[in-house]
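*Asks:* If you scroll down you'll find the structure; I have some questions about it.
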Amino acid sequence: MYGIEYTTVLTFLISFILLNYILKSLTRMMDFVIYRFLFVIVVLSPLLKAQNYGINLPITGSMDTAYANSTQEETFLTSTLCLYYPTEAATEINDNSWKDTLSQLFLTKGWPTGSIYFREYTDIVSFSVDPQLYCDYNVVLMKYDAALQLDMSELADLILNEWLCNPMDITLYYYQQTDEANKWISMGSSCTIKVCPLNTQTLGIGCLTTDTATFEEVATAEKLVITDVVDGVNHKLDVTTATCTIRNCKKLGPRENVAVIQVGGSDVLDITADPTTAPQTERMMRINWKKWWQVFYTVVDYVNQIIQLMSKRSRSLNSAAFYYRV
């Protein structure tokens, strides 16, 4: 009897000692794994950059909203800035190294010299025919001219907004505009646009469909024309197609990587009265200086404030691709 009890006690002690040894071994192994894992994290953490997955995904509205809690690089370290200016600016400055001077001044505002591009255009009229905005941020300087203020307004409306466009065959079809965002945009060396509104029987309203001389003329020998007619009414068009191309376009919304700076002028260009402009604020501003050096100095001084009003976009504007999307 006593032998059985001794055996039971001995078995219990051996089991307890064995279990205690196994638990201690497991504890040492876990400590080794955890400490080694923490050591690896500490060593590698300075070499890794934080990634915030999903934060920058668009929810609704603009695709260009930058959220405060996302990992963001400094704008000027990863972006390009194009500055568009008229030929008269370079002519007045008359200095072969003026661009290098401005690049060095932009550097004082945090923009590396390789990120600034200077783009010259002849005048507003020629720029309207072939606008090309390729940089992450684009600032267009437009010298005010009372004789060209309507051209300036149309150009501003074109480049400050995105448009979805399709070609129009005016020889075969009638066209109508469905809503206020629907416009007909014409570009070319000389665009003369005539329209004839039609009734439900496709007869001209105040005009003869067989006589273009009776059509209403809405533009004469212009480079850029944004035509707006009565919505929901079919129109027969007459366009100088030999020197002009017309497209059926839909305004999608603001092109947020473009800003227009008006140089001088007693009147301030304003396209926010257009009901299709939403929101009712545009990246348009005015600088009142007589000399171009003073204009460029002001742009350099306020470049970062100007950029804050804009959003970096991936799409560029190229009139050659206007048929699809600009």
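Yeah, the Cβs are placed from backbone N, Cα and C, and that goes for glycine too.
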*Asks:* Looking only at CYS135, CYS165, CYS207, CYS244, which is named in Swiss-Prot as the disulfide mate of CYS191?
*Replies:* CYS244
*Asks:* Out of GLN149, GLN177, GLN201, GLN262, which is the one Swiss-Prot records at the Ca(2+) 2 site of ASP228, VAL229, ASP231, ASP301?
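*Replies:* That Ca(2+) 2 site, as Swiss-Prot gives it, pairs ASP228, VAL229, ASP231, ASP301 with GLN177.
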*Asks:* CYS165 pairs with which of CYS82, CYS249 in a disulfide, per Swiss-Prot?
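*Replies:* Within the candidate set CYS82, CYS249, Swiss-Prot assigns the bond with CYS165 to CYS249.
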*Asks:* CYS196 forms a disulfide with which residue in Swiss-Prot, given the options CYS135, CYS207?
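*Replies:* That record, Swiss-Prot, gives the partner as CYS207.
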*Asks:* Fill in the CA-CA distance, CYS191 (disulfide bond) to ASP95 (Ca(2+) 1 binding site), as an integer in Å.
*Replies:* 37
*Asks:* Around CYS249 (disulfide bond), which of the listed recorded positions (CYS82, CYS135, GLN177, CYS196, VAL229) come within 10 Å, judging by Cα atoms?
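*Replies:* Neighbours among recorded positions, in sequence order: GLN177.
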*Asks:* Do you see any of the recorded positions CYS135, CYS165, CYS196, ASP231 whose C-alpha is within 10 Å of GLY206 (Ca(2+) 1 binding site), and which ones?
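*Replies:* Cα filter at 10 Å returns CYS196.
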*Asks:* Rank the recorded positions CYS135, CYS191, VAL229 by the number of other Cβ atoms within 10 Å of each Cβ and report the first-ranked residue.
*Replies:* CYS191
